[in-house]
Amino acid sequence: MAELNPPVAVTLHVLLALLGLLGNTFIFLVHFLDWLKTRELNPCDFIINCISLSNIFLQGTVLFNEICFFLFTVFYSQDWVVKSMVVIMSSLAFCSLWSSTVLCFYYCVKIINVNGAFIHKLKAKLPVLVPWMITFSVGMSWAAGLPSYWDLYRESPCPTANYTGNITSLISFKFKSKCVCLFQMYMLVSGAAFLIISFTAGAIIYSLCKHMIRMRRNNEGSGSGKINSHLSAAKTVTSLLLLYLFFYGALNIIFNDTTEVGSLIFSLCFLAVSGFPTLNSIVLITGNRKLINTCKKIFGIRSAAGNTEVTVTTY
C-alpha cells in the first residue's frame with residue numbers, strides 16, 4: 001500500500017498548522033482588541049470569531065493526531081485515543097463548516113434586495129438570531145460527532161508496535177460503523193451545509209449582478225464605488241464557496257468505507273482538511289476591510305487613498 005513519508009507528512013502538517021494558527025489567532029486578536037475599545041461586537045465579527053476559534057482548535061487537534069499517528073504509534077494504537085480523535089476532529093470540522101454556513105446566510109440576508117415583510121423583519125432580527133444560530137450549529141456539530149465514539153470499530157486491529165525511539169511502522173486499518181449509517185450521517189450533515197452555502201452564494205451573486213446592471217443603466221454618479229464594493233463581496237463569497245467545495249470533496253473521500261486509514265489517498269485528503277482552516281483564514285482576512293487594513297499596517301503597507309471600499313464583511 002502506498003503511504004506518505006512520515007517526516008514529510010509531519011512537516012507539512014506543522015507548516016499548515018503554524019500558518020493556520022497565525023492567521024486565525026490574528027483574526028481573533030484584532031476583533032478582541034477592537035471589542036476592548038468599544039465593548040461592542042457586531043454579528044458579522046462574532047461569527048468570524050467563532051469560525052476562527054473552531055479553526056484554531058481543529059488545526060491543533062489535527063496536528064496532534066498526525067504527530068501521534070506517524071511518530072507515536074504505540075500510544076495511537078489504543079482504541080480510546082483513536083476514537084477520541086475522531087470525535088473531536090469531526091465535531092470541530094462541523095463547527096467550522098456550519099459557522100461558515102451561518103456567515104454565508106448572514107451575508108445573503110444583508111445583501112439581497114428582495115421586497116417583502118419577512119425579509120425586512122429577518123434583517124432587523126439578525127443581531128438576535130445570530131448567537132442562537134451559532135449555538136445551534138455548535139450543538140448540532142457535537143451531536144453529530146459524539147456518537148462515533150461508541151459506534152465506530154476498526155475492521156482489523158492495529159498491530160502492536162515495538163517502540164524503539166525512532167519512527168515505527170505506520171498504522172493501517174479501516175473504520176466501520178456498527179449501525180452502518182454513521183458515515184452517511186456525516187455526509188448528510190456536511191452536504192446540507194454545502195447546499196445552504198451554494199444557495200446563499202448563488203443568491204448573493206445574482207442579487208449583486210442585478211444591482212450592478214441597474215446602477216449602470218441609471219448612470220448613477222456614485223455607482224463605481226458601490227459596484228467595486230459589491231464585486232469585492234462577490235469575490236469573497238465565491239472564494240468561500242470554492243473552498244467549501246474542496247473541503248466537502250476531501251471529507252467525501254475520508255468518510256468513504258473503502259478508504260483505508262494510513263493510505264496515500266487518505267493522508268493527502270487529511271492534508272487537505274488540515275489546510276482548510278489556513279485557507280479559510282486567508283479568505284476571511286482578505287475579505288474584511290478591518291482585518292486587511294490591520295494586516296497592511298503590521299507589514300508597513302500603505303492602503304489606497306481613502307480606501308472607501310466597504311465589503312460585505314463590514315455589515
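A Cβ is built for glycine as well, from the same backbone N, Cα and C atoms used for every other residue.
TrEMBL: automatically predicted annotations, no manual curation.
As given in TrEMBL:
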TRANSMEM  12-36  transmembrane segment
TRANSMEM  56-76  transmembrane segment
TRANSMEM  88-109  transmembrane segment
TRANSMEM  129-150  transmembrane segment
TRANSMEM  185-209  transmembrane segment
TRANSMEM  236-255  transmembrane segment
TRANSMEM  261-287  transmembrane segment
With pairs restricted to those 6 or more apart in sequence, evaluate whether the transmembrane segment (88-109) and the transmembrane segment (12-36) have 3+ C-beta pairs under 8 Å.
no
Maximum Cβ pairs under 8 Å to the transmembrane segment (261-287) - stretch from the list 12-36, 56-76, 129-150, 185-209:
12-36
